[in-house]
Structures are given as C-alpha cells and as structure tokens.
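S.K.: First, the structure itself, so that you have it in front of you.
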Amino acid sequence: MGRRKKIVQECERLMDEPEQIRNIAIAAHVDHGKTTLTDNLLAGAGMISDETAGEQLAMDTEEDEQERGITIDAANVSMTHEYEDENHLINLIDTPGHVDFGGDVTRAMRAVDGALVVVDAVEGAMPQTETVLRQALREGVKPTLFINKVDRLISELQEGPEEMQQRLTGVIGDVNELIRGMTEEMDDINEDWTVSVEDGTVGFGSALYKWGVSMPSMQRTGMDFGEIIELERADKRQELHERTPLSDVVLDMVCEHFPNPVDAQPRRIPRIWRGDADSEVAEAMELVNEDGELVMMVTDIGIDPHAGEIAAGRVFSGTIEKGQDLYVSGTAGTNRVQSVGIYMGGEREEVERVPAGNIAAVTGLKDAIAGSTVSSVEMTPFESIEHISEPVITKSVEAKNMDDLPKLIETLQQVAKEDPTIQIEINEDTGEHLISGQGELHLEVITQRIERNQGIPVNTGEPIVVFREAPQQESREVEGRSPNNHNRFYITVEPLEDDIVETIKMGDVSMDMPELERREELMEQGMDKDTAQNVETIHNTNVFIDDTKGIQHLNETMELVVEGLEEALNDGPLAAEPVEGALIRLHDARLHEDAIHRGPAQVIPAVREAVHNALIDAEIKLLEPIQEVRIDVPNEHMGAASGEIQGRRGRVDDMYQEGDLMVVEGVAPVDEMIGFSSDIRSATEGRASWNTENAGFRVMADNLQPETIDEIRERKGMKLELPEQIDYF
C-alpha cells in the first residue's frame, strides 16, 4: 500500500474523533513565508519529500501562482501528526497574503477554529498581518504566532542575542496589541488570547532552512538561542533542522493550543448563525453531532478538470455522503451529492463520508456558491461572510472572437461563483462585460486565467475606478409625482452617521436579524429610538425610514416604493454610481384608491425621481476609493518615495526609521495608483518594497468633481448635463 493511501486511511479513521481534529488556517502578509512553511508541515507529515519542501510550493497548484511566486487561491490539505502519543488530524488552509486576494482569507476563516499567523522577523507586523488577524478574530478564530526568517536576523543583519530578543519582543508586542484591541469587545471570549513565548503560543524559526523552536521544544531538546545562533552562523543548518525540525514545533503548537471542533463550535455557532438557539439543528451543531441533520457551510468553489465543480466547506453537524439530496440556501429544490472527498495538497481524495467537525470537498452541489449553507433540512442560513474590502477597480472584458461569447459569459459567471469579492456585470446587447475586483493584480490574474484555463482570447479595457455618491447635508422635503399625477410621495434625505454605515458594512446590522436586536444595535450606534423602530429596509449602506402614520393602501404599495428607492440608490443622480451612507425618510404619501392607478409604472418612477431630487438638494458628492500606502526604502530614496505619493494627489502621514530602512506611510486615490508599481521601481532604482491596502471611499476634491462626473457620464453614454432639479421650494 502506498504511503499516501495509508495517510488517507488514517485521516478517515481520525475523522470520527472530533477531539483529535484541528481545523486551522495559515495567514500572513504577502511574502512572509506562509506557503514555504506549509510545505515544511506537509513534508513533516510525509506528504511531500523533505528535500523539495520549500521549493515545491505544493499548495500553489496554479501556473500563475508558481510564476508570480505568490499564493492567489486558498488551498486545503488534510494531514496527520502524532502529539503526546496520540495521532491528530490537521485540516489546513493556506491563504493568500496579497491584499488583492483578501476575500479568500475571509472565507477560509469561516471553516477553521485556529489561525497560525506568520510574521517576517525582519519586516515585523505589516498592514496585511493586521487585516488577517482582524478577520480571524471577527470569526471567533483563535490565533498563535510563528515568527519566520529568524535566520536573516542572525546571518544578514548579524544581530546578537540582546538585539534579537528586543526585535522579537517588539513583534510579539505589536501582535498582542491588535489581539487585545479586538478581543476586549468580544463577550464570548473569556480567556486571554494574547500570545506569549512562555505559554508556547509563539514559535520562531526559518521555513526556508526547515528549523524552528518554541519554549516547549527548547525544554525538550535542551537547545537555547545561543546554540541556535552558533549553528546558524556556522552554516550548520542541516544539523539545526535535524535537531529541532520546524514541522514538529509548529504542529505540536497546533495540537496543544488550538481548540478542537467540540470545544470551538459551541462558542462559534452563535457568532456565525442567527437561527433559533433552542432548535435541534442548533444543538447538533454545538455538539458536533455526526448523527444530527447535515449542516455544511461552503467556503470555496473550485473547478477540477475531471470532476467539474467542487464545493469545499466545513461540516458543522451530521455526515455528508454520496447520494444525499441537500438544500442550498437561497435556491429552490435540492442538489444531489455526486461524490465526497478530502484534500491532500492540490489533489482531492474520494472517501465514503465526511462527518461533523471536518472540511469536505463535494461534487454535485451545482447551486452552491462560496458562502452557501448546505443542509438536509430547510433552515436559517449562516450569516453572510463579510469581506473586509469591496471592489474598487473595474475592467471591461470582450471575447476577441464572437463565437467565444457564450463560453466567456459562462466563464465569468463561474468566476463570480468561485470568488464573491468579484462583481460581474454582463451586457448581452453590447458584448462588453465589466468585471470589478480588489485591485489591478486581482483583475490581471482573473483575465489571464480566462485566457489560459478556458482558452478564450479576450480584449480587456483600461482599468476604471469604481466611484460612489453620498449626500453631504439634510435636504428639504421633496415631492415625487407619478406620471398619471394620482400618487405623491414626500421624501427627505440626510447623511447617515459614519458609525452606523460602518456597522452595516461589518454585517452587525441587517434586515436578516430580529427586529428588536436590530433596533438596539442602531440605537447603540447613535440612532434615535423613533427612527430605529421605523426602519423599513436597508439597501447596501443606506437606510429607509417609514415615518408615515396610517396612510391608506401604503402597506400593499410598499414593495413598489422600495423597488423605486433601490433603483434610485443603485444609480445615483450624478453619474449613475451607487449611493452610500444615505438616510431616506418617507414623511407622507397620497395614493389613488384604485390599485390599477398605483401600479409599478406609476409608483416606481415617482419614488425614484423624488429620491434623486432629494439627493441633489442634499448636496450629493462623488466619493472616490482610496488606498493606504506604505513604502520601505533606503534613506537616500526617501524623497523619491514620498514624492511618488504626493505626486498622485496623495498625502504623506508619517515617516520613520525601521532598522536600516525608512518607512513612508500615506494615502492616495486608487485612480492615481494605477501603474504605481513600475513608477516606484524606477523612482527608487528598484530598492523600494511597498504595500497598498484599500481604505474605503472619501469625498473627491470639489475642483475635480465636474470633470470626473462628465467623464463617467460620457463613458456610460449618458447625457452630459446633470438632471435639472425641479423647483419645489
């Protein structure tokens, strides 16, 4: 029997012992060494050969990942590890660190109970480290820390024990500050989740040279830091690897400090599921009952050239097996499971069944998308997975060959299914399709994959930035009349408080939650009681309030009112860009008593026009997306680096020394950051490393508004002059 077959059999045996299971993700900033570390763990578990670990990048299975040397998709793998005389099953997800692929990280966190955060010893905690930590903590996932590339401190920077200790203590302090800040507000975490060397929740080492240490491992092997420095300086890295192998240190830490599903699910279920806490389904999920109803959350959709579409996700209760007919949230009817498997590196191994507490890879769930709830009974779905950043950049994609058009449309729909952070707009009439993503690299990778994997040659347009529109002050009351003049709506618009907008973005307030809970949350964020109890609907980050009293026929017309409102908010009055952060109030309405005279053709335009006019009266402005920029650069290039930010309508917020480099931090509009990578390289002779992170939207400068609005209107084929405001006042 082959070694791999043996591992699969052992995994199958351990799947039924939830106490022995650990579901974990490895997450970090780009290039801090996650994938190299993952390869080491696979080698330690006997999944790939020890010699090639670190070069193999077994988890980077796509051609573009190996070419670019970064992880783009989150990859899954199951392996076994013996700890304290007991074998453990470790289901691991390696996630991307590049900011453009943060959606994969968010989804991975839903499937796991522990996150191993990897930080580069030389660079320290970076912007994306903070983002992945925040995503983990928000999903109720417990962190531990591995500080990688310690070999560089010893060999390159020639640091002695004191300097090293100071630097490493600094990294641990930064990470703990983030953990403390996030967990203080969490009622369901009653233990201290900060990491420390003494507890064994921090490990150090070098993924490249395959050695690692932690407090427990030093006690076990009798090695101390002084000896490690000696061996590393004397280039005896093989001896270091043999005496204190990285995979043992990290996997021991995983088994000791991360919760198993039995401990984790009772705490995590209330955080990610808002159904009836006393129901049988709730009990089965909290007890990880493999005999209960099946409940699985899909976190990832992938394509296998042989098996077709594969839905991977966490089984919270019940057991999934071939032939089951399962409900998929948000769709009618059921899907039949064709096959069930687990991941071993890039390969999927078919197994008979996967019980609660494990990560399964299933075919046959044709209606599932990343984020779907799959279950054997109809039930309240899981909370939607909140992605920290929204799409900010758009490209048009056309098939070079008209014959490829149907295949291109199908491929784009598939892309949107696999990666919910991508938005696709398909225009059947023009054949031009818009695809919006997190950044230039995100869209570049998607279009390359369409060409390479599907063999469809495409033309792509220049990148276009996504804008928003938002009211700046309270409007006067505006009347909206239906075309037949028999129906009137009286509406005002005002800006919504920033705290409330943020709460909606984070998913802490939605129309899916019980009304009382929603009202309390809104009042906590500063909304007054009367307004909070009259919320009719929430659309994106806009709230619609029904302040009317006893208006005849309004109840049966409300659905059309909401439809008109949503149309107005999806295409704002300035440039048909989405409106955000608006509080819309309906004060009064006059409706025709005969239903035939207050149908969709009358109500929808009346409301749409009233909302647009109220927005114009509320001084609506264009918002543009911005990015936080961090550039690390040698001293002599500091001026060039800050010049690159300032020359892009940006602002430099801070400059400071870190090690032998200067750090320049600032913000700049995404629109101006297109093409930044090649410019910064030439400005600093290739000596800079940099990072950008999407930081939401801000009001665009007044002097740039008219020109930008004209450009967008022209691009969309709209009339150049803005709609005139009807004079009601």
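Keep in mind that glycine also has a Cβ here, set from the backbone N, Cα and C atoms.
Sharing the feature lines straight out of Swiss-Prot:
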| type | residues | note |
| --- | --- | --- |
| BINDING | 28-35, 94-98, 148-151 | GTP binding site |
| DOMAIN | 19-262 | domain 'tr-type G' |
| MOD_RES | H597 | diphthamide |
S.K.: Which ones in the same chain are close to the residue listed as 'diphthamide', with CB under 8 Å and 6+ residues apart in sequence?
M.R.: N484, H486, N487
S.K.: Please report the number of other Cβ atoms within 10 Å of the Cβ of A28 (GTP binding site).
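M.R.: Total other Cβ atoms inside 10 Å, all chains included: 30.
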S.K.: Within the domain 'tr-type G' (19-262) only, compute the mean pLDDT.
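M.R.: Its mean pLDDT is 78.
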S.K.: List every residue in the same chain as V150 (GTP binding site), at least 6 positions away in sequence, whose Cβ is under 8 Å from its Cβ.
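M.R.: Set apart from V150 (GTP binding site) by at least 6 residues yet with Cβ under 8 Å, we have A121, M164, L168, F204, G205, S206.
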S.K.: May I ask you to report the DSSP-based helix, strand or coil state of H597 (diphthamide)?
M.R.: helix
